[in-house]
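Enquirer: Okay, these came from TrEMBL:
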- 146-166: transmembrane segment (TRANSMEM)
- 178-200: transmembrane segment (TRANSMEM)
- 206-229: transmembrane segment (TRANSMEM)
- 241-262: transmembrane segment (TRANSMEM)
- 282-299: transmembrane segment (TRANSMEM)
- 355-373: transmembrane segment (TRANSMEM)
- 403-424: transmembrane segment (TRANSMEM)
- 436-458: transmembrane segment (TRANSMEM)
- 664-688: transmembrane segment (TRANSMEM)
- 700-720: transmembrane segment (TRANSMEM)
- 732-751: transmembrane segment (TRANSMEM)
- 759-789: region 'Disordered' (REGION)
- 769-780: compositional bias 'Low complexity' (COMPBIAS)
Amino acid sequence: MEHWWKSDVCYPECQSGEARGVEGASAAWQTSHGDADNQPLTGLRPPAHVCVCLRGRGSGGIVFHAHDCQCLPRLACRWRASHGPRQTAQHRRRPREGHQETQVPQSRLFIIGNEFCERFTYYGMRTVLSLFLKNSLKLDEDLSTIIYHVFSMLCYFFPVIGAIIADSWLGKYKTIAYLSVVYAIGNIVVSVASATSLNIPSKELTYLGLLLIAIGTGGIKPCVSSFGGEQFALPQQARQLAAFFSVFYFSINAGSLISTWLTPELRTTECMGMDTCYPLSFGVPAILMIVAIVIFIVGKPGYKMVNPKGNIMVEVSMCIGNAIKNKVGSKEKKGNWLDYADAKYSETLRNDIRAVLRVLLLFVPLPVFWALYDQQGSRWTFQANNMNGRLGSWVVKPDQMQVVNPILIMILLPLFESVIYPALEKMHLLRKPLQRIATGGLLGAVAFIISGVLQLQLEPNLPVETTPGFSQVRVFNSLHCNMTLHGDIGGSQQFGPYQVPSMGFWADTDFTSSGAPLNLVASGDCGSATFSHELKDEASLSFNMYYSDAAKQTVAFSGPFEDDLDKDAYPKTRVMYHFTGSQQHKVDFVLDGKVEYSDSVSGVGASEKTPVLTPGQYSIRVDDKEVAAEFLDVGGVYNILLDETNTAKPASILTVITANTINLFWLMPQYIVISVAEIMVSVTGLEFSFTQAPNSMKSLLSSAWLLTDAIGNVIIILITTVKFFPLQSSEFFLFAGLMVAVMLIFIWLAVRYVPVPPPPSDEDEETTDSTASTPSTATPQDHPQKEKE
C-alpha cells in the first residue's frame, strides 16, 4: 500500500527532486517565522503551498521517492492511503500547468506477468517439497522438516541482502534480472535432481538447487513491487498506481493458488519409470520462471530506471557499530549509548534508531508465531499424508491442503475489516493493535492444540518408519501349508519361532542392522528351507517362501525385495508371484469394469513398479480370470501374492500398511484458527509497526519483520533436531505451550509500550489551516497521559 506525506514548506529543492522530510520542513518554517522559543508568531500562517511526496514499498520495505515530490495547494493535501493527496474540485478539473496526467505506463503489464509466473514457481515447488524429501529422497520426517525449514529460513533472510544490493549497488532492474537467472537455474537443478531413477547424486543436487532458489526468490522479493511503483509519475498517477498494486497482489494470489493446487496433481502422475513424477511437478515451475525472466526483460525498453541511492539498513548498522565501538573505548558518560556516535551521525538519525528499537522490542516474541505458522508446509503436510482425502472418486492430495490458508485469508480478511472488528469495537473488545496481536498469538497456540489432539487419533495406526541402525523384515508364505520361522542375526540375535500362515506373512520392524547376515530357517508340512542375507540399514526387505520345483518337494526363498512403505494420496500395491514355466501371465487391476493397470509377469519374483491407482473396489485378474478382490484405499500398502502351485488359494491380497481412516477435512479447524491468527498477527502487526516507526526507518522495520519469519524457521530446526519427544503429538503440544509463554511476555511488553501518536486526521489538518501550527514531533514520553496498549 502506498502513502503520502507532506511538509509545510514548498522548497525549490522539492521541485528539483530533493524533498525534505516533515520534521525538517517544519523546523525550517519555524526558524524563519518563529520567536526566540521557536513558537509560531501570532497572526502568521503556514504557506499556501506544501511539498507532497510519495513513500512506497522499496527494496527493504518502505522508502521515500524524492523524485516523486510535488508542490500542491495546502488545502489539497491530506494523509491518504492508496489515493494520493486529496485535491479540490478545481484542481481535479484543471491539473497544474506542467503536471498534466501522463499516460499509464505499459511496462506495468510486464511486471505483473513476471510476478504471476514467479509466485507460481515459488509456491508450486514449495508445496510438493516436503513430500519429495521424504518419499523420493527417502529422508525421515524429521530430516525432511529440517531441510524444508532451512530453505524457508534462507528465503526470508536473503531479502535483506537483495535490498542492500539493489539500493546500494545494482539498482532494482539489474538485481531482479540477475537473481532471477540464479532462481531459474536453481529450479532446473531441483527438477533434474528429482529424477531419482537416473544415476545422479539427487540429494546433493537438490540441496544445491534449493540454495540457488533461496538466493533468487529472497533477493528479488523486496525489489519487484517497488520497481513497479517507480514506473508511475506521482501524484498525477496516484489512482493508476493504486490500481496497479491491486492487480499486482491479485497476480500473487492467482499464481500461488493455481500452483499450490496443480503441482500435487502433477506429482501423482507416472513418468520415467517412477510411480510419481516430481520432475514434472518441479519442471513446470522451472519453465514458468524462465517465462518470468523473458517477460521481465522484454519490457525493459519501457521501464523507468532509478539509480541506487543507498540503503538505510547499512547506515543504521554503521551508526550502531560506531556507537558501540566508541562506548567501549570511552570513559565519558553520555545520556544514551547511541550518543557515542554523535561525532559522525546526526541526532535525527540517532533518535530514529531509538524509536525503531522500541518497536523491535515488541518483535521479540513473534518468531515463535512464525514457527507455528510455517509448519503448514512440513509437519501439517505430513499429518495430512496420514489422512484420507477421498471424496467419492475424487481424492484431495495431502499437500493440496496448503491451498486452504490463502483461500481463507482472501475470504476472512475483508470479513474482519468490515464486520468482525467493528462488532468487537462496539463491545469494547480488541480495539487496539497490540491486543489483536496477542489474541492472534494465543489462537496460534489453539491451532496447535487442535493439531495435537488430531495427531493423537492418528498415531495408533501410523506405520513404523525405518530408522538409522535398524531394518525391517517381512516373510511371505505362498505355499499351501503353514510354516514355522525362526533364525538369528550373525549367530547372536535370536528370534522366533513364529507361525507364518499359508498366503499370509510375518513381519519384524526393529531388527538391528549391524552388517551381520540375517539367517532364516523355515519348516512345516510343505518341507524346510534355510536362507541367509545381509540386512540393509534403514531399509525394509521382503522375502517369499515357495516351491522351487514342479514336484513340490523343495521349499525356497525368493527375494529380497525392497519395500516402498511411504504413504501417499493413492493405494500402493506390489505383485509377488510364482509361476512354473516361462509363459507370460497378464495381471490386471480392474475398477468398475475398466482396467486401471496391467502387468505381465513370469517365473518367480515381484513387480518393480508401484502403479498409481484410484482408490476403490478392485478385482485382480490373472489371464482374464478373477483371483481376488479388495477395496484399495488411500494410504494403504498392499501385497498381491500369486502362486500357481497353490491350488487351494492361488491368490491373496495382504495389507502391509493399513489405509488411512480419518478424513482429511478434519484438518479444517486448525487451518481456520491459524488463518484467523495470521490476520490478527501478521496484518495487524505490519500496520502497527509501520505507524510506530519513524519515516526514515520503514524499510528497516520491513526487513526486521521478514527476519522474524527467518528466526521462526530456525526455532523449528532446533526443536526438530533436539527431538524432545518421540511422538509428534507431544511436539505439537510443546509448540502450543511455547506460544502461550511468549505471548505472555508479549502482553507484558505491550502493557508498558506507549504508542506514538498517529498522524493528524483530515479534521485536524483543517483546523491547522486556520490556526498557526506545525506537525508534532513529540515522542511518546512527551504524552504521559496517552493510554498504553
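Every residue, even glycine, has its Cβ placed from backbone N, Cα and C.
For each feature listed, report its degree of burial, its nearest neighbours and the pertinent distances within the displayed model.
Expert: Listed by sequence, the residues of this chain that lie at least six past the ends of the transmembrane segment (146-166) yet keep a Cβ under 8 A from its Cβ atoms are 58-61, 126, 129-130, 133, 139, 172, 175, 179, 207, 210-211, 213-215, 217-223, 308, 311, 313-314, 374, 377-378, 699, 703, 706-707, 709-710, 713-714, 716-717, 720-721.
Long-range contacts of the transmembrane segment (206-229) within its own chain (CB-CB distance under 8 A, at least 6 residues past either end) are made by residues 2, 56-61, 63, 65, 108, 111-112, 114-115, 118, 122, 125, 129, 133, 137, 147, 151, 154-159, 161-163, 165-166, 172-173, 175-176, 179-191, 193-194, 241, 244-245, 248, 303, 702-703, 706.
Sequence-distant contacts of the transmembrane segment (241-262) (same chain, at least 6 residues past either end, Cβ-Cβ under 8 Å): 1-2, 82-84, 108, 111-113, 115-124, 127, 225, 228-229, 232, 234, 284-285, 288, 400, 402-403, 406-407, 410.
Long-range contacts of the transmembrane segment (282-299) within the same chain, counting only residues at least 6 positions beyond its ends with a Cβ under 8 Å from a Cβ of the stretch, are 107, 109-111, 113-118, 120-122, 124-125, 128, 132, 176-177, 180-181, 183-184, 187-188, 190-191, 194, 259, 262-263, 266.
With a threshold of 8 Å between CB atoms, the same-chain residues lying at least 6 positions outside the transmembrane segment (664-688) that come near it are 366, 369, 372-373, 376, 380, 383-384, 387-389, 396, 398, 401, 404-405, 408-409, 412-413, 416, 433-434, 436-437, 439-441, 443-444, 446-448, 450-451, 454, 705.
Away from its own ends, the transmembrane segment (732-751) comes close to residues 361-362, 364-366, 368-369, 371-372, 375, 379, 434-435, 437-438, 441-442, 444-446, 448-449, 451-452, 455, 719, 724-725, 788-789 of its chain (Cβ-Cβ under 8 Å, at least six residues beyond either end).
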Enquirer: Which range out of 178-200, 355-373, 403-424, 436-458 gives the transmembrane segment (700-720) the most CB pairs under 8 Å?
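Expert: Per the Cβ count, the answer is 355-373.
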Enquirer: Within the same chain, where does the transmembrane segment (403-424) have neighbours whose Cβ lies under 8 angstroms from its own Cβ atoms, ignoring anything closer than 6 residues to its ends? I mean 6 or more beyond.
Expert: 253, 256-257, 260-261, 376, 430-431, 667-668, 671-672, 674-676, 678-679, 683
Enquirer: Please report, as numbers and ranges, the same-chain residues at least 6 past the borders of the transmembrane segment (178-200) whose CB is under 8 Å from any CB of it.
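Expert: Those are 118, 121, 125, 132, 136-137, 162, 170, 206, 208-217, 219-220, 272-274, 278-279, 281-283, 285-286, 289-290, 292-293, 296, in sequence order.
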